[in-house]
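> Relevant sequence annotations retrieved from Swiss-Prot are reproduced here:
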- Gln16, Ile17, Asp43, Gly90, Gln113, Asn132: NAD(+) binding site (BINDING)
- Arg99, Asn132, Arg163, His188, Ser243: oxaloacetate binding site (BINDING)
- Lys119: ubiquitin cross-link (CROSSLNK)
- His188: active site, proton acceptor (ACT_SITE)
Amino acid sequence: MAKEPVRVLVTGAAGQIGYALVPMIARGIMLGADQPVILHMLDIPFAAEALNGVKMELVDAAFPLLKGVVATTDAVEACTGVNVAVMVGGFPRKEGMERKDVMSKNVSIYKSQASALEKHAAPNCKVLVVANPANTNALILKEFAPSIPEKNITCLTRLDHNRALGQVSERLSVPVSDVKNVIIWGNHSSTQYPDVNHATVKTSVGEKPVRELVKNDEWLNGEFISTVQQRGAAIIKARKLSSALSAASSACDHIRDWVVGTPEGTFVSMGVYSDGSYNVPAGLIYSFPVTCRNGEWTIVQGLPIDDASRKKMDLTAEELKEEKDLAYSCLS
């Protein structure tokens, strides 16, 4: 029996990340090689012509799984009946802009998109916020879409998670698929804490802790962390454009693991609504280690946290509280 198509919304679809993401979705990388999709693409009126060009290319690519394309500048039309929403559209910070100006632009975008999703998306729609500030945009979306279950609103820290896997893999010259269970704690910003204390590598004699194999705590506690934290800026410097290919790929990873499930014994990082686990204040969207089963994520409990980790986890929580306060001040 062929599966019913899943409707996937991508906002900011004419942008760089959108252009990298929509073919991945249409190829089955996000939801599986046997899952038909209908793509809903939303962008601002200024980008309408470019958006139509992306639609033309999707038609030209003749993707067997792609059963339809909606390309629109109307949020209601874009959100109607969607099962998965990937929120890539946002207002990027430009030179000379204050944080509050950027925040206030994004608060108004996410407030209006929240109400369109709440009124028109399919029940149990899963939402992934990619646009920065991702954690706080997701929090605003949650506030203004109260009927969407809070467990269905997440933000992307899988890009940071994958960057951390990549750094360990390069350092040890092992395939990245042999490295697992790094953790990104906190905000998708330069205060995030990439943690390898629970990470392992598959070797010929079983799984070994990353710390034991790297044998260089100075690197793991220093350069490794700063490289992952600053990787986005390094890519902008090299490419003169922000990371799009890796962001799109990690968005697919995030949704796929959420929908299909994580492999036994593996956890991944997702920005989710805090319930107070690991003494992270409730009411923030914070990146935690999670496992996924039957379309639901669960925070991994009981991992030992050392003092150095605690400090870094608290620091990024503090930044998220400040961002939350700033966002709320834009609302009043």
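Glycine is treated like the rest: Cβ placed from N, Cα and C.
A description of the local structural setting of each listed feature is requested, covering burial, neighbours and distances.
Neighbour density for Ile17 (NAD(+) binding site): within 10 A of its CB lie 23 other CB atoms from the protein chains shown.
For Asn132 (NAD(+) binding site), applying a Cβ distance below 8 Å and a minimum sequence separation of six or more within one chain yields Gly90, Pro92, Arg93, Asn106, His188, Ser189.
Its Cβ taken as reference, Lys119 (ubiquitin cross-link) is surrounded by 13 other Cβ atoms within 10 Å in the chains shown.
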> In the three-state scheme derived from DSSP, which category covers Ser243 (oxaloacetate binding site)?
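In three-state terms, Ser243 (oxaloacetate binding site) counts as coil.
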> Return only the integer: C-alpha distance in Å from Gln16 (NAD(+) binding site) to Ser243 (oxaloacetate binding site).
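Rounded to a whole number, the Cα-Cα distance is 9 Å.
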> Please give the maximum pairwise Cα distance, in Å and rounded to a whole number, for the oxaloacetate-binding set Arg99, Asn132, Arg163, His188, Ser243.
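Max span of the oxaloacetate binding residues, Cα based, is 26 Å.
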> Relative to the Cβ of Arg163 (oxaloacetate binding site), which residues of the same chain, six or more apart in sequence, are found under 8 Å away?
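Same-chain residues close to Arg163 (oxaloacetate binding site) (Cβ under 8 Å, separated by 6 or more) are Pro194, Thr227, Val228, Arg231, Ser246.
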